[in-house]
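Some notes on the structure that comes next.
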Amino acid sequence: MIAITLPDGSRREFPGPVTVAEVAQGIGAGLAKAALAGKVDGQLVDTSYRIDRDAELAIVTDKDADGVDVIRHSTAHLLAYAVKELYPEAQVTIGPVIENGFYYDFAYKRPFTPEDLAAIEKKMTELARKDEKVVREVWNRDEAVALFESMGEKYKAEIIASIPADQEIGLYREGSFVDLCRGPHVPSTGKLKVFKLMKVAGAYWRGDANNEMLQRIYGTAWARKEDQEAYLHMLEEAEKRDHRKLGKTLDLFHLQEEAPGMVFWHPKGWQVWQAVEQYMRGRLTDAGYDEVRTPQVMDRSLWEKSGHWQNYKENMFVTESEKRDYAIKPMNCPGHVQIFNHGLRSYRDLPLRLAEFGACHRNEPSGALHGLMRVRGFVQDDAHIFCTEEQIVAEAKAFNELAFSVYDDFGFKDVKVKLSLRPDQRAGSDEIWDHAEEGLRLALRACGVDWEELPGEGAFYGPKVEYHIKDAIGRSWQCGTLQLDLVLPERLDAEYVSEDNSRKRPVMLHRAILGSFERFLGILLENHAGALPAWLAPEQVVVMNIADSQAEYAESVVQLLQKQGFRAKADLRNEKITYKIREHSLQKVPYLLVVGDKERDASQVAVRARGNVDLGVMPVSAFVERLKNDVASKA
């Protein structure tokens, strides 16, 4: 007898081996029809998978995240099937699941056009409606290589040939199409009902620029039509909010070919930057951090000691002077260790919190650059905490509370926390890792935070906490990190004198809340669609006169506001007031003040809030109080 334990704890017994589909059928016809895959002892498998031992089983349907991934993976194969039907000379390569969809790379004699995509999507719909069975076959490697070579599929044959000879090869067949895949896949193409092809782009074979250029078709697939419609609406909204467009429209920044991945900040954009930096500087000072500054360029020998030269050199900008090799720093941590090492440290000095708004440079591939979101030159709200093992929990707890408070001030209320745990290849003993991981858990628990654990996702030198913020249109962005480092203090010989006069290595916590300033400002712009809250807006107030006779009064109002610390300017141009109001409204200025003879004579201003909200006429002092409250409350 084989005993199958279901997620609710109930058990079902079968006289012999049984498939996932048969178990689902035994539970009910509805579940059998809905089944897309199974999870046997935590492993995702096809519904045709035979269970020949006692096991735990969950039936995967389109209500599960795993089910949606199976749909997307299967739709990638459906895409390849359709392409081969329409363009038999095209060669298939790889087709993985990505966030919200999938892609498939093809080698073809010409680029696919938008008309091609429409035809391919139509063919996919036809093939799905045929409801052909998707069948898994097991082949040995050499036979599988021969099969794909006979079909003229040189890329697929190359992939299979790189697999060890003793490893079984899984092939999936649907109709006349066969493809290499680990699976699992839906039981039949009829399960694939909601999908859309999005775009085509170029991609190098195996990601190597020295190889052939392929055609990458991107698509999205969902369990329900309303989910896809919501996603497509989100994409439309994201297009409207694109920070690159906003940067141009609002005159905040630009990028140009002579400095790829580097940002030219215009006066208004730099005002926003400064507002964010000064805010963060204040928060760090209040939290007991000391701000430092470390060199941009340091000798190769330091990067060799830290391990960056051996493991990260391809991402570093290097230079040579007077027969010495240097690197422009890609990160601040080695420099901070040098400050820690300058002079003898005592346990009484710990925790030592060193912060730096450090400019870093990384040689990112040109094809990966994307506005402010992916750059080569960037500044981080970087800091490193040097502490004892006993101080890990308290320091992690304090950082977690600070991070959540900062995100709240910037308007991000929905924050998800993920804890990345030890990988198979790692430095340090299991005992040290146990202590480090449990310390981070205790800190999160003490803050009342829920978190998701990611086994095997930690860096080789320590576990990590990630902070993911959700924006106004539902996108998630990973910004903050708290990385425990068990290796760098050893590499760079950092030590302190302990209470018993012995020398010990400090624990090093790498931490950032915003991450890259450039990227965070891009996220802020898109979150607010450019309409930044008053405390961050580059221009908080514009004062406009109706006629020349009010120009002097308008100037005096601006001077008063500037003395109060507000970012205010006057628009005294000889233009119609409606024109000026419209122009500054498009620039998303939080407050527009209009002054005519009546307002001048009464020392008042007519106030319009962003969104064409008429707040009426009020004394200048009343408006000042209103703006002060907005800034103080981060409204």
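Sequential numbering from 1, following the chain as shown.
Just so it is clear, glycine is given a Cβ too, placed from its N, Cα and C backbone atoms.
Per Swiss-Prot, the feature domain 'TGS' maps to 1-61. What Swiss-Prot lists as region 'Catalytic' is 242-533, and the listing cites sequence analysis. Annotated Zn(2+) binding site per Swiss-Prot: Cys333, His384, His510, in sequence order, evidence recorded as sequence analysis.
Features recorded in Swiss-Prot, as mapped to the structure shown.
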residue	record	DSSP class
Cys333	Zn(2+) binding site	helix
His384	Zn(2+) binding site	strand
His510	Zn(2+) binding site	strand
Near His510 (Zn(2+) binding site), which residues of its chain come within a Cβ-Cβ distance under 8 Å, counting only those 6 or more away in sequence?
Cys333, Asp382, His384, Thr481, Leu482, Gln483, Asp485
Quick one: DSSP breakdown of the domain 'TGS' (1-61) into helix, strand and coil?
14 helix, 25 strand, 22 coil
Other same-chain residues whose Cβ falls within 8 Å of the Cβ centroid of Cys333, His384, His510, the recorded Zn(2+) site, in sequence order:
Met331, Asn332, His336, Val337, Asp382, Ala383, Gln483, Asp485, Leu488, Met508, Leu509, Arg511
Counting other CB atoms within 10 A of each CB, which of the binding-site residues Cys333, His384 comes out lowest?
Cys333
Mean pLDDT, the domain 'TGS' (1-61)?
94
